[in-house]
């Protein structure tokens, strides 16, 4: 096995990929939403939410479990090959079963309806999942390959979208393109990792993984009781348009979240490897450093999106999506809770192999979210806006349980609520009066957006520089060190 790769190098490639995954949607998102329209886009989003419940079982928890287990044994080629082959076989079996059930369900429930062809096209995604082995690439820290491969495939996707999606009637073609993109992306990764690791079907062991995969299945798919639950219930109890508003907000915030949470996900293999060596001091030092870096970005990002939510929605989707504005603002609160939850879930409980306890926490908070939604429906106030706030509340309950367990049971030395971490939230709150002041000068959408973003970012960076912030200082030092070496 090759020498451990630099975390900085991994983060650079992970951030490069995440940045590209933000830029592309910023280009195609407004185009797709405006061309397809809110009704057809809402229908596609609702179909996607239905498909995701099947996709959850198709994945069978392999991503997170495979990432952790292969990170622990990545220096042993024989064990690596055996575990990889075993998990791949389990994945093939799970996907064949789920694909069959999905096709039967779609024909029984939606046969002859307008959603039928859209849902059937999503069966391509379940088939594609047979080849989804990105967990193996991440465990081996092949972030350079992942980034380059995904960028090339994304460019192909971009070309196809602009070439073939021209009117509202092309919503079927649009659905085909997004599913074909997934298949191509996964298949290229499969070919690469197959050559790098290889298969060993003689030594496969399936039974020993099933119990842990079932727990990972629940833990890794919390969305089925949170975001996905909201989307399905909005489609069933409100209308497809409300699903479009909710999904657009989720889409916008997830683009930013994906970039920021790269800091978390890229360190999971390293944290798992450190714990395997029983280096508790190294674990706590890296954990606290990651949290500080995470908060330095997540707080200004969430508050920043909140203050220019109106401008983002009008630029991205147009006037027909104006009802998305309060939903997007609600998602900003959810962004913050998700950052905390990601740390507890991925970097503490999971890497310390506390899946069983974690599953109970996720189920408990998820059931509360379901109860909140049912209550809102009974009261006649269930909407995209109320749905995201109750989901954020459920996420807060999950965080509370994870926090108490991490501190009092696992004895994790995590200083989340010290000033050096929470100061980033206090600094970011100044974005509110700054943006309000800009709107007093001009109310034009595009100027307000760019001026507000520029001034808020400048204010934040200057304040960090004046206060000699460690995160900014480390970034500057790393940048000049790289520049000097060039």
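Here the Cβ of each residue, glycine as well, is placed from N, Cα and C on the backbone.
Marked as transmembrane segment by TrEMBL: 49-66 (among others).
Among residues of the same chain six or more beyond the transmembrane segment (87-108), those with a C-beta under 8 A of the stretch's C-beta atoms are 51, 54-55, 57-60, 62, 65-66, 116, 119-120, 122-123, 126-127, 129-130, 132-133, 199, 201, 204, 206, 209-210, 213. Summarising the annotation, TrEMBL assigns transmembrane segment to 87-108 (among others).
A Cβ distance under 8 Å defines the sequence-distant neighbours of the transmembrane segment (114-133), meaning residues of its chain 6+ beyond its ends; these are 43-44, 46-48, 50-51, 54-55, 58-59, 63, 66, 84, 88, 91-92, 95-96, 98-99, 102-103, 106-107, 171-172, 175-176, 179-180, 182-183, 186-187, 189-190, 193. Residues annotated as transmembrane segment in TrEMBL: 114-133 (among others).
Residues or ranges marked as transmembrane segment in TrEMBL: 145-165 (among others). Sequence-remote contacts of a segment are chain residues at least 6 beyond its ends whose Cβ falls under 8 Å from one of its Cβ atoms, and for the transmembrane segment (145-165) they are 13-14, 16-17, 20-21, 24, 27-28, 31-32, 35-36, 134, 137-138, 173-174, 177-178, 180-181, 184-185, 188-189, 192.
As annotated by TrEMBL, transmembrane segment applies to 171-192 (among others).
As annotated by TrEMBL, transmembrane segment applies to 212-229 (among others).
Residues 26, 29-30, 33, 248, 252-253, 256-257, 260-261, 263-264, 322, 324-326, 328-329, 331-333, 335-336, 339, 343, 421-422, 424-425, 427-429, 431-432, 434-435, 445-446, 448-449, 452-453, 456-457, 460, 464, 469, 471-472 of the same chain lie 6 or more positions beyond the ends of the transmembrane segment (294-316) yet place their CB under 8 Å from a CB of it. The transmembrane segment feature in TrEMBL is assigned to 294-316 (among others).
TrEMBL lists 328-351 (among others) with the feature transmembrane segment.
Per TrEMBL, the feature transmembrane segment maps to 358-381 (among others).
As annotated by TrEMBL, transmembrane segment applies to 387-412 (among others).
TrEMBL lists 424-442 (among others) with the feature transmembrane segment.
According to TrEMBL, the transmembrane segment annotation covers 448-466 (among others).
Here the transmembrane segment (387-412) does not lie next to the transmembrane segment (171-192) in space: the count of CB pairs under 8 Å, restricted to residues six or more apart, is fewer than 3.
Under 8 Å from some Cβ of the transmembrane segment (328-351) lie the Cβ atoms of residues 64, 68, 219, 222, 248-250, 252-253, 256-257, 260-261, 264-265, 267-268, 271-272, 275, 287, 290-291, 294-295, 298-299, 301-303, 305-306, 309, 312-313, 357-358, 362, 385, 388-389, 391-392, 395-396, 398-399, 402-403, 405-406, 410, 412, 414, 416, all in the same chain and six or more residues away from its ends. Among residues of the same chain six or more beyond the transmembrane segment (49-66), those with a C-beta under 8 A of the stretch's C-beta atoms are 83-84, 87, 90-91, 94-95, 98-99, 101-102, 105, 119, 122, 125-126, 129, 132-136, 139, 209, 212-221, 223-224, 228, 231-232, 235, 243, 247, 346, 350. Residues 295-296, 298-300, 302-304, 306-308, 448, 451-452, 455-456, 459-460, 463-464 of the same chain lie 6+ residues outside the transmembrane segment (424-442) yet bring a C-beta within less than 8 angstroms of a C-beta in it.
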